[in-house]
Amino acid sequence: MPESEGEKNASFKICAAENGASYAVATLDLIVPTKANLDTGGAATIRYSVAEEMESGSFVANVAKDLGLEVGKLAARGARLVSEGNKLHFRLHRKTGDLFVKEKLDRESLCGKADPCVLHFEVVLVEPLQSFRVEVRVFDINDNAPVFLNKEPLLRIPESTPLGSRFPLQSAQDLDVGLNGLQNYTLSANEYFHLHTRFRSHGPKYAELVLDKPLDREEQPEVNLTITAVDGGSPPKSGTAHIRVEVLDVNDHVPQFSRLVYRAQVPENSANGSLVATVTATDLDEGSNKEITYSLAQNPEVILQTFQIHSETGEIRLRGPLDFEVFETYDIDIQATDGGGLSAHSKVLVEVMDVNDNPPEVTVSSVSSPLPEDSPLQTVVALFSIRDRDIRVGGKITCFLKEDLPFAVKPTFRNSYSLVTDRGLDREEVSGYNITLVAMDTGPPTLSSETVIEVLISDINDNPPVFQEDSYILTVRENNSPAVFIGKVLAEDLDLGENAKVTYSLLPPKSGDLSVFAYISINSDNGKLYALRTMDYEAIQHFQFVVKATDGGFLSLSSQVTVRVVVLDDNDNRPMILYPLQNGTLPCNDLVPRSAEAGYLVTKVVAVDGDSGQNSWLSYHLFKATDLGLFSVQQQNGEIRTLRQVAERDPMMQKLVILVQDHGQPALSTTVSLNILLVDGFSEPYLQFRDTFKHPTRRNGEEGMDIDDLFSGFPMGMGGFTNMNFSHSCPAHEPTQKKQDPSVTHDLRVSLEEINSSCNMKMKISHMWLNPDRKSIHNEDKILTVEVKQGCKEGTKVTFPKEGDQTSNNTSADIIFVLRDKPQNISKRDDSDVIRISLWEALCGCTVNVLTMDIRTIPVVFKDVAASAPQTHDNAQVTYSLLPLPDPLVPPASLVSINPDNGHLFALTSLDYEALRAFEFHVGATDRGSPALSSQALVRVLVADANDHGRFVLYPLQNASAPCTELVPRAAEPGYLVTKVVVVDGDAGQNAWPSYQLLKATEPGLFGVWAHNGEPYLPPPEAEAAAAAPADPLTVYLVVALASVSSLFFSVLVFVLAGRCPVAKGHFPGHLVDFSSMGTLSQSYQCEANPAPIRYSVLEETESGSFIAHLTKDLGLGIGELNARSARVVCDDEKQRLLLDRQTGDLLLREKLDREDICGSDEPCVLHFQVFLETPVQFFEGELLIQDINDHSPVFPNREMLLKIPENSHPGTVFPLKLAQDLDVGSNGLQKYTINANSHFHVLTRNHSDGKKHPDLVQDKVLDREEQSEFSLTLTALDGGSPPRSGTSMVRILIMDVNDNAPEFVHTPYEVQVLENSPLNSLILTVLARDVDAGNFGTVSYSLFQASEEIKQTFSINEVTGEIRLTKKLDFEQIKSYHVEIEATDGGGLSGKGTVVIEVVDVNDNAPELTISSLISSIPENAPETVVSIFRIRDRDSGDNGKMICSIPDNLPFILRPTFKNFYTLVTDSPLDRESQAEYNITITVTDTGTPRLKTEHNITVLVSDVNDNAPAFTQTSYTLWVRENNSPALHIGSVSATDTDAGANAQVTYSLLPLPDPLLPLASLVSINPDNGHLFALTSLDYEALRAFEFRVGATDRGSPALSSQALVRVLVADANDNAPFVLYPLQNASAPCTELVPRAAEPGYLVTKVVAVDGDAGQNAWLSYQLLKATEPGLFGVWAHNGEVRTARLLSERDAPKQRLVVLVKDNGEPPLSASVTLHVLLVDGFSQPYLPPPEAEAAAAAPADPLTVYLVVALASVSSLFLFSVLVFVAVRLCRRGGAGSAGRCPVPEGHFPGHLVDVSGTGTLSQSYQYEVCLTGDHRTGEFKFLKPIFPNLLVQDTEREIKESPNCRNSFVFS
């Protein structure tokens, strides 16, 4: 080995022998550095070599010997092996220095194909640090045989491949290298191929297969070969693969059909998808060339739409329906094409078999819909024709209706039919018919079709409205509000539209009936009924009227219904007293004899109630009486009887008040007063008065009944009569002729039916009574008639005859009417003229009811009725009379009367138009002959309306309960409708026409009211003026005239329409034809068909209006007969193509005829038509032959045809083409085809069996796609017209390619460089191979050829585009380049090879690696420079990417030192201090120099161990502790704390008390300390008064070696507790000299008596004292100031006060709890003091002197200045207090805490108040003297407020100053 400078090389070979055989085991190459190199830090490199597959534990070398080290040095210096790959393949024995194999080595897994294979590691000596590099080379042995990755490769070679063609084969893989690797290939013996081995500049050798003999697929389709790969080992090893060569076919055979012509028969009703035929063709080729595809080529469009062929099986199936009537046969051209493009043709003749598959077809010509429901029978509804398209079968047709309907089908001529009515129609039962016409042929099978004709039945007004009920009963309660809804009637009309629209109206009442219009109104639209006025039950209980419902038909129909309205009674009438009279004119005095016994009937109160039912049941009660115990009232009948016998002491005058009450809800009542005189007997005047109307006779000993004079005034009823109800009962004890039940209740109704001026009356009595069981009601009606002969005079008695009914419960007595007044002014219409009639009626002999009635008799002569007779004398004397009416509800006798002599008619009552508008009656005229003859006449009385009703407002309601408020938007435009005022008027005609005007308004110009409809609106500006203008009379007249004319016109129109001629009814003949084309049938005629048709011919495209023939002559008709008989022409196809001139008889063309449009390809083309003669009906058949002209050119279905012909097709091959279509027929149709001149093809015209001509293209010359790949030829079709017409189509021929060229790569080899960090799927390279073939043969697919597994995993190629992409990450460090073989294969199986060399470009993608060899984790803080760690770095990249820089942060007390190569040591650079930093996280950063730079960071944690170099330190230099006095022993008073920054035992602290310098203070007896935690405890109870504070020192010592310590000062302060009560200093309480204070009785309130002075031994708040008066002889006389102990008078002293007063004052401190002391004071009240105590005389004079003005001014000035000063002081104090309390409570002045105010001051600081004294100095008010006078000394007063108070309380001092 060559020696470098500073090195010496030595090489050794180590051999080992086994069983006498020796072999090389290892080789040692030693490079020893010189001493100089070692001194400079170099290292030796030792090289060894071993063979692979050595067993584990095999000896390699002795490293200690090779390094020149003594045995044992390796162990002493901590030798270790460090590998670059972090995996050691060897192990070092430290004691012997031997190096052994750690595991069996496999060179192929360690180094792959790399040669030589070298393993690197280092031997590192730690102490001192030194390393040696070792390299071990692993030699290869022949332990791997060559291996083919694909054991059975497949080659596809076309049989047309030329000789000498080469086919690369897959290379074998041998993991060994050198001579042991792959050397050669061999091939098994065969006659077609030999093997050629080729060398690559890279990678293994590969073999190529060379073709020696032409291949023939027909002789041998497959060749099997065996290839062997041999290496160069000894002995050699080999591997084999079996090659299968498939010979690919070449398309050189054309498909052959099994038949040239196929025939098939198919029924025309075959379903889509039915199999027609199957064609079969075969091809001798293989593969895709043998695959045959069938198609319908060169066929017309109709065949393509009808048939389809399966491209693989050749099955021809139906695609569309077949129709024998359209096409009977089909000639189908079939083309079979193989996969190579060669094709053959065959014919399929399809015969369509006719079946009955066409149902009959119905064509409707006209339909009459809608059809009136009153249409007569045999009315024609529709005309239709039927035809069947089948020719041979099913041609006969029958037609009928599917359902039983009122219609029938009648044939007309040929296949024409008419649909007529067969029965009557009724739209209300069936409004429309869906008539199903069934047309059926005779089959087989029988087919039918159904056609639905929809016929609607139109409505006629044949149904009147029908009410839902036969009659209606409605109820309305009396006193109802006007326009109230009372009910509804509803009528329904079965008709439709206007015929079913119902309008409701009220019918006028019959003569004499109640006028319903005044009471009821009806809504004409919905039948709602409304009461127009308030009902009064007492006036009318019920009434009825007739409602008419009218429909809206032309001839309207109507129906009527009776509506009965029952008025329900309300209790709205109070009882009315009939007796005794209460009018005050005749006092009612009843006499009672004093001898009357108990039960004596004094009188009877008679009352009636206008209500009915329960509302009229009356009860009587004694309300008041002079003597309540003397009389009683029967509750049911009002009888007043005595309760006891009348006594002498009873007052003569008795007054009774009777209460009469009904039973309504609520009950109503009235009272009546009675005067009763108690007399000894009756005098004559009373008896005479009572007998005035006494009954003339007594019946059966019955007592006479008294009739009192009554008054009238009851309300009148309808028709001039009144019904009155009253009840009565009979007492049980009174004697009667017939026993009556006293509880029977009677109801009597009396009505005056008729009365005349002679007082002839007819009275109707209705009597109803209720049995005692209250379960049965009896009713009885009587008509009583009486003639008053003496005339109608005052006082006339009219007695009705007595009638008895023995079966009833009542006894009828005489009924007497007494005329009270004589009628006056009987001829005038005056409501005051009445006849007053008194009715007397007796029942049971016990009760008398009297009824007074007012009958208004106002006879008015309104018409004379005259009759004459031709006779003379008596026979000619005529007497007139009113005849009774059949309707009993209208009594004419109560309305009119007639003078029997002259026929004058008079109205007996006042008529009301609204109640009765008209009535009629018959008047009879009778002569006086014998026998008497008579006649009668109808008299109709019309009541003319008078304007006697005011308007009634329906809306808005005017009941004041809900005010009507309308809303109007402020944005409303002029004319905006606000509301509508609705008013009705009970009058009629002009009297009922309301007009509206605005009477008042808040804003007169804002709103307007339409005069005619009451609509308020916002008038436009111009409308306001118009509205204000008076109505033009001319306008009014025009409106009236217009209304009159309109009414007259409407009446005339109705009359005309109602008088139309009736429609003639009858049966029409069934053969009807609609010639009007309006959908209606005009007339009915019998028609005949002419058996022989007339025939004409015309050329197509003849102009419209061209002459065809003269029909008059051809039909044998006369001139003008066509016009007279309304002839017309109708074509069968429903199109009017012909025109008939009726005047001339010429048949003309209506439009231009197109034969092709009418008949298509049918020949001849005949147009059928009919000539109809209407009167009478006659039919003529006609046929028009349309002749063809050459007006159409041949047309190809496509303007361009495409043919694909293989280039290897043979000359003479025929290719069918698509035929042309010519709509013309005969000689004008298509005749032949031609093609433009060319050297390769010509065309033949072939006649088809269907008569069509088909073109065939014939090949004349061999084709070559490479010379000419496409031909464009023009195919021409010619017809036989003159001149001929032609059509062309472009025939485009594409020459199909044959695969005879293999793909070739554009470049080979390809070279590319790829970065190793390229992402996956990155594009590496795009290879391109070209194939000159076309189509599938020119399509190239790419693949990896014989690629290794590594290449397959790393790269992929797109088989279509040739893009090579990356599928696995590249790594330059593992593989630096790749050699990839690419194979390009075309669609025919030929392939070409190419090579791609991919060079991997290194990038900086590997970060540096750092390996720690040794690490010391803990270092003492006082250690000198120390090695912390040894590590090694490396970078797998190369070049600049592999260069590295190693560093650590600069702010650490460590540095890096390189040793050799890539080894570094980490050492300390300065002393460490654990207390400053106990731990270091050192980041070692290794950065390479590549681009981009990569780095690796490794963190090393170094702990600094502790040394005791820090003494304990207290948290404070001194401590202050507080303890309250009187504490308990062993009390914890506080803690001290010291910390040591050292760790472990060095940081553990012990506490102790240090001795004091003052030996007098026994510290050990006061406090103690816990040595572990520094807690301090008080050992004894402390006294604040004895010891207020003391201090001492505490020591803290750690446990280090040597131990360190420190000290701290502790100060203990004793806090005071309230343990001392207050002590009174003044007055003394020693009981030796009692303290007595003198107070003058003239002292003013607030006079200072004395002051209590006390002190407290405690301090602070505990020493604050307060004073209060605990006891006093006079509690209200003295007071004690709480803060200073001053005792003052509270009020003026009086003479009553005791002269000796005893006071007990309590002194209390402010501690918790408070302590107190008391002191007793004696006060003497004296009348006066000696001279020192009294004020001087000048003071009194000054007090009595008047005020000096100057003094007043001064006082004012002083007050002002004082106020200003006081205000300034207050502001200053407030500011100071707020500043001091700023930290307290958010800016507010602080409030002193505690129970006492904060203005107590301890002056001396000892807790007691100072004993300084103060004097009050006053300046006298006299301005002439200026001396001071000291009045008396006072104790200190610290309150400014008290001083001010003293100043105010001193009347003798204007200014006061305080001196201390």
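Using the three backbone atoms N, Cα and C, a Cβ is placed for every residue, glycine included.
The domain 'Cadherin' annotation in TrEMBL covers 37-148 (among others). When pLDDT is averaged over the domain 'Cadherin' (37-148), the result is 82.
The domain 'Cadherin' feature in TrEMBL is assigned to 149-257 (among others).
Residues in the domain 'Cadherin' (258-362) partition by DSSP class (helix H, G, I; strand E, B; coil) as 9 helix, 45 strand, 51 coil. TrEMBL lists 258-362 (among others) with the feature domain 'Cadherin'.
Residues or ranges marked as domain 'Cadherin' in TrEMBL: 363-467 (among others).
According to TrEMBL, the domain 'Cadherin' annotation covers 468-577 (among others).
Feature annotation from TrEMBL assigns domain 'Cadherin' to 592-687 (among others).
Here TrEMBL flags 865-965 (among others) as domain 'Cadherin'.
Feature annotation from TrEMBL assigns domain 'Cadherin' to 1197-1305 (among others).
In the domain 'Cadherin' (1306-1410), the DSSP tally of helix, strand and coil residues is 10 helix, 47 strand, 48 coil. The domain 'Cadherin' feature in TrEMBL is assigned to 1306-1410 (among others).
Summarising the annotation, TrEMBL assigns domain 'Cadherin' to 1411-1514 (among others).
As annotated by TrEMBL, domain 'Cadherin' applies to 1515-1624 (among others).
Marked as domain 'Cadherin' by TrEMBL: 1639-1739 (among others).
Among the features that TrEMBL reports, transmembrane segment is placed at 1752-1775.
Stretch with the most C-beta contacts under 8 angstroms to the domain 'Cadherin' (592-687), considering only 258-362, 468-577, 1197-1305: 468-577. Contact between the domain 'Cadherin' (258-362) and the domain 'Cadherin' (1197-1305) holds: at least three of their C-beta pairs are under 8 Å, each pair 6 or more apart in sequence. If you count C-beta pairs under 8 angstroms between the domain 'Cadherin' (1306-1410) and each of 37-148, 149-257, 363-467, 468-577, the highest count goes to 149-257. By the Cβ criterion (distance under 8 Å, sequence gap of 6 or more), the domain 'Cadherin' (1411-1514) is not counted as touching the domain 'Cadherin' (363-467), fewer than 3 such pairs being found. Counting residues per DSSP class in helix, strand and coil order gives 7 helix, 47 strand, 56 coil for the domain 'Cadherin' (468-577). For the domain 'Cadherin' (1197-1305), the DSSP counts in helix, strand and coil order read 3 helix, 54 strand, 52 coil.
DSSP assignment over the domain 'Cadherin' (1639-1739) gives 10 helix, 45 strand, 46 coil. Note on the domain 'Cadherin' (149-257): DSSP counts are 3 helix, 51 strand, 55 coil.
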